[in-house]
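One structure below.
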Ligand SMILES: Nc1ncnc2c1ncn2[C@@H]1O[C@H](COP(=O)(O)OP(=O)(O)O)[C@@H](O)[C@H]1O
Ligand SMILES: O=COP(=O)(O)O
């Protein structure tokens, strides 16, 4: 039987009013601000009122290195949340907000898929409650204020050649990666090079996702470095005196968004960083709030365990004092065949030999999660073209290594298709968690990067470009050496070469640049050719989009 498209299913959803969803969670009327009938923003007062309540158990969903379409982390996250409710547990889902870049481009939305989606999917995948637009505006307001300061006499002595704060927009536009601003004569500002990143790569996105209160948001914004003086001294937002304005622009975006799944399971969706160019986790506030609202929180981190999960476990847990209880590693036969050398166009054909070879990628991710001391379960996200022989091979691989594994049929069957996975998760989550981050903050930045590269990627070590080596020196000089590291790396490979599938051996990671995100509280290490402003694909998803006669969206997957 054909499974309708994601949007056809979503448009048939029988949603409860968001006030009903809130009431079922014990949220008081004044703590939820409806945005229409099916979306709402939650007051941070919930955390204050319920601070003594027991925290729910946090289940992190990660994956193997994905194909370009993604392997169903969001889908399994939603499906598992639905399944836990079906078996009588009080579970809340916590996801990130979609970016219009992938939505209009190649990757698609971030609402899950099939019968495991969050709804109203169209709203969420388009403008939702405006958070990403607010971050875009706040980011570019700061840029305008910096340029105005320079134009009006540059009292702080900013060197326009060393401005680190650029511009953002929530769209994939390669033409804006490098631009020159201030052209046209003395009245138009001071000419200088700048460029655009995609909004989800903005440090303000990371700050919003890691802040635990409005005051913490302001304090973090205050620390943001926007550039350096001619004497090479850092200039911060505080020096410009505009932290209050930026906090004002973001005060509503800081509140987590409440929606629901197709089966009316509550879902908090907040923050949208990508895990290849940012830290790739939804907000600390949403995760902590979900922990107060449910006995189980099912949350995801972007791309594979080498990216989102690594940053969740090394950065987000520290920022929010969050203790994960278990990790679900989503594996798909198609991704593992890709890692076994099958071209993307042939992934629907049975190929047990390639699958056997590609299992090495899953093996490495399991080793990494194990090294964090966390119980884990492999969820096989079943696709219709997966054959019994292939599924058996993947299950046998896990059984032979005493790895807990379960088939997840949540895309086709919603929560019903995840009940066995839910039972396995509930069983495993009772095992002790000896979680600890991978590295001590006391280690030098280069050692932190080396630990991640060797322990999580399987690299032999790290090479630093001459520029990155100079930036390491500056990081130490300015006292930023104790910050955690946010690796910016391709999502397709454990290495920094997107063409190296499987489990690459005998390789080194090359760090080409280091950026200080003093407000977010981490150092960004850019590797290989990873870009912070993606480009649109040959055939953008936008070509399929329209509005139908009923005013509904067409072509949103
Ligand atoms: N088991 C499945 N069968 C068919 N399509 C799936 C399945 N799981 C996910 N998808 C589809 O794949 C796309 C990516 O799913 P998503 O959950 O967003 O992946 P990720 O979060 O890993 O990027 C979505 O369009 C979704 O509908
Ligand atoms: O940051 C990327 O997230 P997905 O893996 O959900 O695409």
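Glycine is treated like the rest: Cβ placed from N, Cα and C.
Unlike curated entries, TrEMBL annotations are predicted automatically.
Feature list (source: TrEMBL):
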- 67, 68, 69, 70, 71, 72, 73, 74: ATP binding site (BINDING)
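Mapped onto this structure are the features recorded in TrEMBL.
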residue : record           : Cβ contacts under 8 Å, 6 or more apart
67      : ATP binding site : 332, 334, 335, 338, 344, 347
68      : ATP binding site : 106, 107, 344, 492
71      : ATP binding site : 63, 64, 330, 331, 332, 334, 335, 381
72      : ATP binding site : 63, 113, 330, 332, 381, 411
73      : ATP binding site : 61, 62, 63, 300, 301, 302, 330
74      : ATP binding site : 95, 110, 111, 112, 113, 300
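Under DSSP, residue 68 (ATP binding site) is assigned to coil, being neither helix nor strand in the three-state scheme. According to its DSSP assignment, residue 74 (ATP binding site) is helical. Only 72, 74 of the binding-site residues listed as 67, 72, 74 bring a Cβ under 6 Å of any atom of ligand 1; the order follows the sequence.
In this structure, the binding-site residues that sit close to ligand 2, with a C-beta under 6 angstroms from any of its atoms, are 70, chosen from 67, 68, 69, 70, 71, 72. Of the binding-site residues 69, 70, 70 has the largest number of other Cβ atoms within 10 Å of its own Cβ. Same-chain neighbours of the ATP site beyond 67, 68, 69, 70, 71, 72, 73, 74, judged by a C-beta within 8 angstroms of the site's C-beta center, are, in sequence order, 63, 66, 332, 335.
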